[in-house]
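Engineer: Please find one structure pasted underneath; my questions will follow.
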Amino acid sequence: MQAIKHLKRVVTDWFLCGMFLATFLAWLFPRFGAAGGGMHAEYVINIGVFVVFFLHGINLSGEQIRHGLKNVRLHLMVQVFTFVVFPLLWLLGKAVFGTQIPALLMLGFLYLCALPSTISSSVALTGSAGGNVPAAILNASLSSVLGIFITPWLCSLVVGSGSDGIDLGATLLDLCGLLLAPLLLGQALRPWLGRFFARYKRYTSVMDKLVILLLVYAAFCNSMMSGMWQQQGLSVLVSAFVGSAVILALVLWLTTRTARALKFSRPDEIAAVFCASKKSLAAGAPMAALIFGAHPGLGLILLPIMIYHPLQLIVCSIMAESYSSQRDSASDDSRLVSAR
């Protein structure tokens, strides 16, 4: 019943429905959103990404981050899983299935594994499950900043750098200018503008998601114009779904076992599992546009994270309720014992 309830919530989520609509519109009107098209995506998206990361900086609470600084083992575990264990799982998958999966989809799985953690859903799920919220805020925020540098570097290790691959130096400069600079600017202006934007957080969240949908639309428009999707069959979608599901299941199992082996408290375990298993579509879509540019295969590269995103929301929401019910049951038992 819980699984059905969460599935209904995801199906009726306007943002997830918007991703399907964006891909459908790209199929109908590919020329409008492609590079050089009437939407002028190369300019509109850059402005949108700058504004979104400025708002992220405004909404980032330095005080809450400072509260989460104490547990070094927890922070190390989350960052190691995010930027080391995930890529190692990709290497294992490539060694076993590399010859059976299209090269661009394999690159998409690499990109998924190289991405930073999410901020909003990691913190929200940690809070609803009774986890260590300050630690979740710190780790998700730290991961987002580190990802600006580590994600393109990890991709360049496989794709290569220079004229035939990713120009790492130019990419890092672009990422710093369009992601890090507005983030730091927003953080610097937070003391004066933080309360004002907090009042309208619902609307800034909508803007964030609309920019992602524009990026998805533009990426699929370029792919449609190149004729790439005509060359791919249904097997690509099946491979992307199965691969994303397997990665999520493996990481959730590994993070839970690792947190318990390290003897984390239950609140720390919850924060570790939810932060270390998440991957950010909010950061992934803008970064992909900067790392891969107007690559005709960008739609296929983004496909794994587009599937992983709703999967992690469904599964982790169910886990959050399970953690919460266990906590409530334990507190009821303790009250009964004390009453005796």
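Here the Cβ of each residue, glycine as well, is placed from N, Cα and C on the backbone.
According to TrEMBL, the protein carries these features:
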- 12-29: transmembrane segment (TRANSMEM)
- 41-60: transmembrane segment (TRANSMEM)
- 72-92: transmembrane segment (TRANSMEM)
- 104-125: transmembrane segment (TRANSMEM)
- 137-159: transmembrane segment (TRANSMEM)
- 171-189: transmembrane segment (TRANSMEM)
- 210-229: transmembrane segment (TRANSMEM)
- 235-256: transmembrane segment (TRANSMEM)
- 287-308: transmembrane segment (TRANSMEM)
Engineer: Assess whether the transmembrane segment (287-308) lies in contact with the transmembrane segment (210-229), where contact requires at least three Cβ pairs under 8 Å among residues 6 or more apart in sequence.
Structural biologist: yes
Engineer: So what's near the transmembrane segment (12-29) in sequence-distant terms, Cβ-Cβ under 8 Å and 6+ beyond its ends?
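Structural biologist: Hits for the transmembrane segment (12-29): 209, 212-214, 216-217, 220-221, 223-224, 229, 299, 306, 309-310.
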Engineer: Which of 72-92, 210-229, 235-256 has the most Cβ pairs closer than 8 Å to the transmembrane segment (41-60)?
Structural biologist: 210-229
